[in-house]
Each structure stands twice: as C-alpha cells, then as structure tokens.
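Accompanying notes for the structure given below.
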Amino acid sequence: MASSPKTSASTTSAPASSATTSSASSFRQRPWVRWGAPLLLVVGLAVLPLVMTEGANDTLARIGVFAVAVLGLNVVMGYTGQVSLGQIFFLGLGAYVTAYGVQSGWNIVLVFVLTCLIPAVAGLLVALAAARLGGLAIAMVTIALPIVGVPLAKRLSDFTGGSQGLSARFVEAPEGSGLYDDQWQLYLVLVIGGIVFLMTSLLVRGKYGRAFAIVKGNENVASSMGISPYRYKVLAFTIASLIGGVSGFLYMVVVQYTSPETMSFGHSIELLVAMVIGGAGSIVGSLLGGAFYVIVPDVTNAIDPSLTALLQGALLLAVLFVLPGGLVSLPRALTRRLRRSPAGRGSAAPPTTPSSTPGSGTAAEQSETERQGHA
Amino acid sequence: MGKFVQLVVDGLSTGSVYAALALAIVLVHQATGLINFAQGGMAVLSAYVAWWLTNQGLPLIVAILLAIVFSVVFGALVERWLMRRFERGDPDTAVVVTIGLLTLITGFAGWLWTYNNQQFPSLFPLDTVSFLGVSVSVRSLGTTAVIVVAMLLLQGLFVGTKLGLALRAVAINPQSAAFSGLPVGRLLMVGWGLAAALGAVAAALVAPQLTLTPGMLDNALVYALAAVILGGLTSPIGVVVAAWIIGILENLAAVYVPFIGFDLKVAVPFILIFVVLIVRPQGLFGRKTVVRV
Amino acid sequence: MTLLELEGVTASYGPVQVLDGVSLSVPEEGAVGILGANGAGKTTTLRAISGTVRAGGRITFDGKDIRGMRPDQVAALGIAHVPEGRGTLGDLTVRDNLRVGAYLRKDRKGVDQDIDYCLDLFPNLQERITSNASALSGGEQQMLAVGRAIMSKPRLMLLDEASLGLAPSTAKNVYDAIRRLRIESGIAMVVVEQNANLAFTLVDSATVLETGRNALTGTSAELRGMDEIRRAYLGG
C-alpha cells in the first residue's frame, strides 16, 4: 500500500505487471484516449445538470460536497496514514464561516478565502499539538473535535445561531443565464470541487505525496531520509482541514443551512466509514466515498431510518475483511479472481525457487550476520 | 464549602467511570497493541442487556451480573473473530476496525431498542449522607467505591494469580510466552473479556444518570482517551489518577468558570492535554513515548 | 530410541527458501549440534521444530507428527525453545519468569523444587530473584532463559546461540551449567552455536548446514578431526 497513486479512470492508468491488461493499458495510453476521455468527462458533466431532474441534481451536488470532505480526510488518513476522527468538524467550521460571512454581507470572495483559511489555521493548531504525541494519538485527540465542537457551536450563538443554526441563501442562478438554482449550484460544486480534486491529485502525486507515503510506510525510514514525520503529518492535517473548509463552503452552497448537528460525532464516523469503503488513498475512492455517504442514508431512510448505522458498520467491517482497498479496488479484485479461476491450476503460484547462492541470508537471519562480528 | 466537597465527590464518581473505561483501553492495548474505540460501545451494549433483563423481571443486581458475564463472552468473541486478523498488521487499520465495530454496535442497539432514552434503574438510593457537615450523594460514593473495588480485584488478579501472570507474560512477549506453553490466543481472548467486563461495570453504574441511549458513552470514551493520553498507555495507575483529575476538574470548571459551564466541560480534558503537551510532552506519568507506535 | 526426527524439512520467508531439505535425528537424552555459517538455516531449523515458522517435510517428536502445530502446543508436548535473543520477559521479575516457564505444570511442590534447582544451577540468579529481567546482564538473562525452559520440565530443549554476545568466561559458565543440567536431568538437546568449540563441549554429534541443507553429519569426535571443520568453525 505504498505510494502508487491510483489514478482516475479517465486519465492514465497502468495496472502494473500484467500481460493480459497490456492491450488495455496501451489503449488507454493512445493520445486521443488520454486527452479525449477527460474532455468527454468534462463535457458530460457540463451537460448533465441541464438534463437531470432537480432531485438528481441536488443528490449529485451533495455527493460532490461530501466527496470533497472525504478527499480531505484521505489526504491525512489515506495518503499519510494518520487516523483522523474529526474531519467533519472542519466541514462544520467552514459552513459556519460561510454562513456568518454571508449574513454579515461580506464579499463572497472574501468569505470563500476565510472559509479556506480559518479551518486551515484551526487544523494547524490541532495538528501541532496532536502530532507531537505520535502513534494513534492523532485519532485519540481528533475524536474530541466533533464532541467539543457541537456544544461549542451551541454556546457561541452570537456567531452560530446556537441550536437553531444559520441559514444563508447566497447562490442564485445569475439573471439571464436561463439556469435554475439547482443547476447553478451543481455547476459551482462541480467547478470548485473539480479544482480541489485536480490540485489534490497533483499534490499527492508529487514530491509531497511521496513524502506522505514514506511517512505512512515507516516513520523511522522517513526520518533517516531527512523527512520529518512531524512536519509532514502537520502539513497533511492542515491541508485536510483546508479541504474540509472548502467542503463546508460547498455544503452551504447546496444545503444553505447549518447547525451544530452538521458536525456531530456520528457524522464524523460516517465520513470515515465512507472514506474506507470508497477506498483509502485514492482519488476515485474519494468520489465513491462521497457517493456512499449520501446515497446509503437516502436508501435506508426510505426503508427504515434506524438501520443506517447498523448497515454502515456492517458494510465497513465487510469491506475491511474482503476488500481492504475499498470499492475502488473492486474491478481489479474481480478481474484477478476471474483470471485466476479458469487458468487456476496451470498458473498457480510457482514453487519458490531455492536460493542457490551461498550465504543468501534472510531478513530474519540477517541479525546473525550483524552480531557475528565479535563471536 | 459544602458545594465544593459535593462537586469533588461527584467528580470523583464520574472520574471513576472514565477510569474504568480508560483501564479497559489500557488492558486491551497492553495485550494486543491497539486502541479499542469500541470499548464504550461494547459497554453500552452490556448495559442494554442488563436493562432488557430487568424488563424481563430479573432483579437489578442479577441483571447486571449476567450482563457482565455477557460482556466477558462478547469481548472474547470480538477478539477471536474480529480483531485477531488485524492485530499483527497496521495499527491504523485495526483502529478503523474498532470504529466499524462501534458503528455496528451503536447501529444494532439503535435498531433493536430505538435511539430513545431509556430509564435505567439505579443500584444506589438517590439520598445524600452528611459527612463532617457536608452532604454528599450516596450514588457518587457508591459508584466510586464499586469501581475502586473492581480495579483492586483486577490488580489482584494480575499480580496474585497464575492467570494474571500469564496475561502479563503474553502482553510483554507473545512468542516467547508461547514457548513456555502459554495459549496466547486464548489469553488474548481473556484479556479482551476482562476489559469488556470492566466497561460493563462502568456502564451499569453510569446509565441511571445519563439514561440509556446507544451513544451514551461516546463522551465518556473521549474522556477515557484523554485520561489515557495524560496518564500514559503504560501506566494503569497514571490513567486512573488522570481520569479522577479530569472528572474533578471538569466538575469544578463547570461551576466556577462561567464560560465553560456544564455544556462545554467536555473541553476541559483537552485544554488540560494542550497544557500538558506544552509542559510535559511525555504525559503525566508515562514514559518518554506516550503512545507506542 | 529416537526422540526427534526431521526429514527433508523445508521452510521459506516469503520468496526466499531458507531450508531446503534438512534432516536431523536426536536420540532420547542425546544432544545434537547444528553448525554452519550465517543464513545457513540453523535458527530456522529450530523455529520449524517449535512451530514458529511454517515448514514442509516431516517433523516427528516421540513418534508424533508435530509439523504445523502452534508453538504453545509444541511446548506442551515437552519441547522448550530457548530462542535467539533469549526472550526473557523484561517487565517480570526473575521469579515470575521462572513461574511463567512452569505455566503448564500443576505440581506446586515440584515447581518450587525446580525453582530452587535453577537457582542452584545458576547462583547468579539467586541474588537477582526479585529484579526485573530487563535489569539483568546479558549472561544472567541467558541463564534465566535456560532456567525458564527447565521449569517446563521438557524432554527436549532447543538452544539457540546461548553464547551470543557474552564474554568468553561467561559463555563458558553458561555452557558448564547446561552440561551439568544435561547430565543430571537427561534432557535431550538441539544446540545451535556459532562457537563450535563451545558446542563440542556439550553435544555428542552435530550436523553442518550449508544453504539450508545438511553438508556434513558426524559425531563430535569425527567432526573435530576434520580439517575443513577446523578451518571454518574452530579457528584453527
């Protein structure tokens, strides 16, 4: 589970080392496919809001909101390996900043900037303290964010409207565009969310992404390479908080109302469940996670609302047991199984070749080598 | 003065509940090296079992004892069939598994018994006793006493019995313990079972006050984790003392610090953590590394 | 009468095959050495016997197939593994370490007697009886590790590099005590040792492993006489 960034199906993707898929990957690498597919996707997303029903637009927009929130969680947890149970707090914080700014009549660009900055600074402060403890302490500290956040939001009623919450309608389709509000909202989510996804996928594939992966893999190795685990954990957490803030802005775009309940402990857990089920450390997995977060409660509410948590818990455990890579790894897991079953006997794992080179010590016996000096 | 003493005693009582949960978390961590975020959830489940049994007409004390037995079995089964697979792997994945378990248990309790608050009968009368001129509640004294006794029993088990010795040996070095014929897997199940039992005691004692809901101990879990951070994962005594300090401080802060009040007192342990992190990064009692990686 | 028998035992760590058909035969009350260079598979052979590494081939103890058993099941049959690195339980006292060794026994009296026996065998432990194992010196820890193995009343003891990291005089003390133990108790032994001179003071016969296979097997006297053994392992 090291660095290898799973790329979105629309862009390049080369399933490593497999003769059977080489034709598929070369197909994907042809220039017109490489550039055509994303273009097609963009055009498709541009047209979609115009042709879907209002309900579908709303659902898709909410999926976009939570996909961004899950993406933020993925930066700190999926890519850097630090369990965070507080991501929803930054969504809530972003939503409050947006709502308060809009109600105060501030310029919307300023509101957006503050919606990025304030959660980022809050996240930075939390991470500076929590990351000092190392290990699972980040999980143990971040679990407090939603639990302290809810009563805090109720208390600071001058800013938050207390238990009543705040509403802010600030996204109306521009006059003359001919768009309905739901279409305009979805466009905003697609554009802002798309930019966040693009920037994040560049981030995790670049220099910082490699550093995150090394910190996730082994902190001692990271230190020996001059990569400070502490600094990169703080950085990842801060970025995750910033992205959480953006998702809060989008939340206000779509839902137009927030209350302390938005950042409840239950929702924080649901966000984590969604991330793992979608696929940890994966851009596409974040999209699937957003979809999971929105669709599962919608479905269970239709049947029996009290089933939601039970189902989420069961699905999470099931995924951890049978599909640790999350839904995003499902196609690969399936093709592997399909390929194995017919040719199973023929291409069974070859017997491990005996090592003929003398003194080929195993890792386990390597210690002997080191200690033998003074024997 | 009387109010102050009452607040301290009440704080000691809630602190004892956190301490029991925190000890359970330390117990599991020592045995299997992971943090069980479902420790509170498992305790709530046992409280529901006790509540259900009282509704079937059983006396409260019998119901609670049966629920503790249930917890031991449930804890052992969780170790064997759920956690065993993840114990030697990535600790972060194991944490996610315990969160999945928490979600599952909460969801199960909510589905079966609804998310409404249920009244849970109290073991202790709601009286107060006068002591040196100040009156303190019997329930607080009783809760503290029962949990202290439970901890002493556990301590006695660990230092005074062969089973306790074996549990300690497995916690220190499972493979080496196996070389002496210790059934490591079974002992881990026992460790989880004991931790669950401790949680069950805490849940049964605190349920009358909080009223029973599937998320009843979510807050208590957060306090317990704070106590674990402050006390140090390697120090059971440190964890208990930290839990008591948290319980007392939050109670005092709720009354004497106007901004905090009762609704924000959950922030107290974390303010404490931030202060401690700055002054004493190794925790109050623990060794240099507060949390083993 | 053969107590332990290995036939064509294989084992690998991931893709690396470490044992490629090791055979070994230990008679009742006998002591067999395993010699060889680093990575030849000595430690892995012991691990295969005690069930800490997955092995192929045939491993029988007292006529019973023990391959694939868990370490604690193997221990329960009477095989005590004194692992490389000693495996003492650091946060427990010396006495508690010895009591852990006797976990499977029900005879309290016998346990107390055997604790006394261990302390008689290793007088150094007597004065450290209430110290934590982690506070002991390397030699004392090695003694404690052997003592813990004795406490389980084994029929076979697997000794892995008992002299490792010890000063020569300490190593000699440890081996003297183990030899005394062997004579007094009749416990059979498989002895992995870098220091072949030391090993030959204890074992009746030995096998030399090379890249996971038996290269040479013979009695101590035969092997000692061979030039190649001398050059490679006896420093002469």
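A Cβ is built for glycine as well, from the same backbone N, Cα and C atoms used for every other residue.
Unlike curated entries, TrEMBL annotations are predicted automatically.
What TrEMBL records for A:346-364 is compositional bias 'Low complexity'.
Marked as region 'Disordered' by TrEMBL: A:1-22 (among others).
The region 'Disordered' feature in TrEMBL is assigned to A:339-375 (among others).
Per TrEMBL, the feature transmembrane segment maps to A:32-52 (among others).
Here TrEMBL flags A:59-79 (among others) as transmembrane segment.
Sequence-distant neighbours of the transmembrane segment (A:109-130) (same chain, 6+ residues past either end, Cβ-Cβ under 8 Å): 86, 90, 93-94, 97-98, 101-102, 137-138, 141-142, 145, 233-234, 237-242, 244-246, 248-249. Sequence annotations record features per position, and here TrEMBL assigns transmembrane segment to A:109-130 (among others).
Feature annotation from TrEMBL assigns transmembrane segment to A:136-153 (among others). Taking Cβ pairs closer than 8 Å, the transmembrane segment (A:136-153) reaches residues 82-86, 88-89, 92-93, 96, 126-127, 129-130, 160, 162, 233, 237, 259-261, 263-265, 267-268 in its own chain, all 6 or more past its ends.
For the transmembrane segment (A:186-204), same-chain residues at least 6 beyond its ends with a Cβ under 8 Å from one of its own Cβ atoms are 5, 7-8, 45, 48-49, 57-58, 60-61, 64-65, 67-68, 71, 75, 79, 171, 179, 212, 239, 243, 246, 249-250, 253-254, 283, 286-287. Annotation comment: TrEMBL describes A:186-204 (among others) as transmembrane segment.
Annotation comment: TrEMBL describes A:234-257 (among others) as transmembrane segment. Within the same chain, residues 58, 61-62, 64-66, 68-69, 71-73, 75-77, 79-80, 82, 84, 87-99, 102, 111-112, 115-120, 122-124, 126-128, 130-131, 138, 165-171, 185, 188-189, 192-193, 196, 200, 203, 208, 212, 215 sit at least 6 positions outside the transmembrane segment (A:234-257) and bring their C-beta atoms closer than 8 Å to a C-beta of that stretch.
The transmembrane segment annotation in TrEMBL covers A:269-295 (among others). Beyond its flanks by at least six residues, the transmembrane segment (A:269-295) meets 1, 5-9, 59, 62-71, 73-74, 77-79, 83-85, 87-88, 197, 200-201, 204, 312-313, 315-316, 319-320, 325-329 of its own chain at Cβ-Cβ distances under 8 Å.
Look at TrEMBL and you will find A:307-330 (among others) tagged as transmembrane segment.
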Long-range environment of the transmembrane segment (A:307-330) - Cβ separation under 8 angstroms, sequence gap at least 6: 6, 266, 270, 273, 276-280, 282, 284-285, 288-289, 292, 296-297, 300-301
